[in-house]
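Student: Below: one structure in structure tokens.
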Amino acid sequence: MNSLQAWRALPAAQKPEWPDAGAVQAAAAQLRTFPPLVFAGECDSLKARLADVAAGRAFFLQGGDCAETFNGVGADALRNKLRTILQMSVILTYAGSMPVVKVGRIAGQYAKPRSKPTEVRDGVELPAYRGDAVNGFPFTPEDRTPDPDRLVRMYHSSAATLNLARAFVVGGEADLRQVHAWNTDFVRDSPVGERYDRMARDIDRAISFMHACGADPAEFHSVDFYASHEALLLDYEEALTRIDSRTGLPYDTSGHFLWIGERTRQLDGAHLEFARHVRNPIGVKLGPTTTPQDALTLIERLDPDREPGRLTFITRMGAGRIRDALPELVEKVTASGASVAWVCDPMHGNTFEAPNGYKTRRFDDVLDEVEGFFEVHRALGTVPGGLHVELTGDEVTECVGGGHALAEADLVHRYETVCDPRLNRAQSLELAFLVAEMLHRA
Ligand SMILES: O=C[C@H](O)[C@H](O)COP(=O)(O)O
Ligand SMILES: C=C(OP(=O)(O)O)C(=O)O
């Protein structure tokens with residue numbers, strides 16, 4: 001067994017109960033023959049940019065669906081999502097006066113860890129939906145049975161999405177003037193737009209000034225955009241791992257940036273063991289029960305050489321916990337001399353079930369967690385490096401609050417997520433303006 005397979009000897013939390021191990025091996029064998037989805041050199045570029053994030057020279061913005069679906073690989077939905085991320089990044093670039101590193105939860109986010117292995121409806125118990133890479137969302141025994149052929153579909157869906165995303169970000173969608181024009185439309189149409197009007201006009205003036213000076217660099221027309229997902233299904237991730245011809249080192253070519261989730265970051269578990277051996281930049285989600293010793297051990301295991309940009313800690317404490325739980329972690333990690341990028345996921349610690357049964361999040365809680373994140377880092381003199389958000393570019397009704405004051409009774413209208421609730425386009429842009437105010441105060 002080589003080091004890339006060492007994870008196989010360790011417990012893998014959240015592993016689907018595949019009915020046929022032989023079929024998993026067959027799917028993995030097929031995946032091994034496919035071309036890489038991303039290149040090692042691109043992963044290295046992202047790592048260099050994450051080193052800037054850790055040092056406070058760039059801001060990180062990671063966003064996209066909770067769970068991508070095979071049927072959702074449509075051009076319109078992807079365009080709307082990319083536009084939203086680009087719009088947010090223009091606002092944040094201006095406010096922070098620094099580059100924004102743009103990363104999608106895109107082109108690979110097809111597998112979900114779940115709180116419970118099964119779901120019960122009207123007395124019928126079936127396996128929980130674990131993402132389109134594992135089983136189907138409809139509540140039938142056929143759909144809910146894990147199917148390894150889905151691992152191959154995951155590859156093809158990721159490839160189609162990434163192809164389209166790459167075309168969008170060089171083919172006009174990323175034009176700075178156009179992206180900002182969409183922001184001014186948002187400010188004009190939002191019921192709370194007045195609050196953001198001044199910043200939008202300032203950005204307008206800055207762009208006009210640069211054009212008047214004759215500045216029209218390539219960066220105004222296309223952007224670097226990276227793909228990321230949770231490295232949950234290790235059979236898939238191992239099968240997509242390739243040896244980089246430049247360096248002879250292994251890279252997981254399923255995406256540029258991979259993260260280990262809160263439910264699979266066990267120090268002696270398979271997910272950590274797999275991630276140790278690939279050279280991609282790696283993220284780890286840290287929930288409110290993470291101890292400083294956990295964080296230090298994660299650093300030792302994942303980044304023993306203290307490679308700049310290698311490790312990102314994505315904290316998801318919950319609005320009510322972050323101000324108590326985060327300081328000690330940041331203090332002890334900083335005191336150890338390690339340099340990690342600190343990123344705030346204000347979504348996963350703030351989920352609750354509304355009385356009408358919809359899983360939702362309050363916009364105000366999301367905002368409060370981000371505020372807490374900035375407060376903690378400001379107090380310690382450390383770097384609040386970025387945001388990790390579940391969002392869509394469509395006007396869904398999944399999270400409550402925001403400028404349109406979405407109520408729990410509205411959730412029924414356009415609740416389209418197959419797992420966790422996402423910020424819609426207006427809520428995402430509003431969050432960007434509010435975070436911009438925090439960056440501006442820095
Ligand atoms: O996206 C994250 C997890 O998959 C999700 O929060 C789990 O949700 P559950 O508690 O409904 O299983
Ligand atoms: C499962 C996720 O998050 P966490 O591991 O933080 O719960 C996720 O980001 O999809």
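Cβ coordinates come from backbone N, Cα and C, glycine included.
As listed in TrEMBL for this protein:
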| type | residues | note |
| --- | --- | --- |
| BINDING | CYS66, HIS348, GLU390, ASP420 | Mn(2+) binding site |
| BINDING | ARG105, GLU262, ARG263, LYS285, ARG316 | phosphoenolpyruvate binding site |
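Buried or exposed, and what's around them? Tell me for each listed feature.
Tutor: Counting only residues at least six positions away in the same chain, the Cβ atoms of CYS66, ALA67, MET347, HIS348, THR351, LYS359, ARG361, GLU390 sit under 8 Å from the Cβ of ASP420 (Mn(2+) binding site).
Of all Cβ atoms in the protein chains displayed, 21 besides its own lie within 10 Å of the Cβ of GLU262 (phosphoenolpyruvate binding site). The secondary structure of GLU262 (phosphoenolpyruvate binding site), as reduced to three states from DSSP, is coil rather than helix or strand.
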Student: Relative to the Cβ of LYS285 (phosphoenolpyruvate binding site), which residues of the same chain, six or more apart in sequence, are found under 8 Å away?
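Tutor: When sequence neighbours closer than 6 are ignored, LYS285 (phosphoenolpyruvate binding site) has TRP259, ILE260, GLY261, GLU262, ARG265, ILE314, THR315, ARG316, ASP345, HIS348 within Cβ distance under 8 Å.
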Student: Radius 10 Å, atoms counted are CB only; among the binding-site residues CYS66, ARG105, ARG263, ARG316, HIS348, which position scores highest?
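Tutor: Checking each of CYS66, ARG105, ARG263, ARG316, HIS348, the winner is ARG105.
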Student: Of the binding-site residues ARG105, GLU390, ASP420, which ones put their CB under 6 Å from ligand 2?
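Tutor: Cβ under 6 Å from ligand 2: none.
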Student: Which binding-site residues from the set CYS66, ARG263, ASP420 have a C-beta atom lying less than 6 Å away from ligand 1?
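Tutor: If the test is a Cβ under 6 Å from any atom of ligand 1, the answer is CYS66, ASP420.
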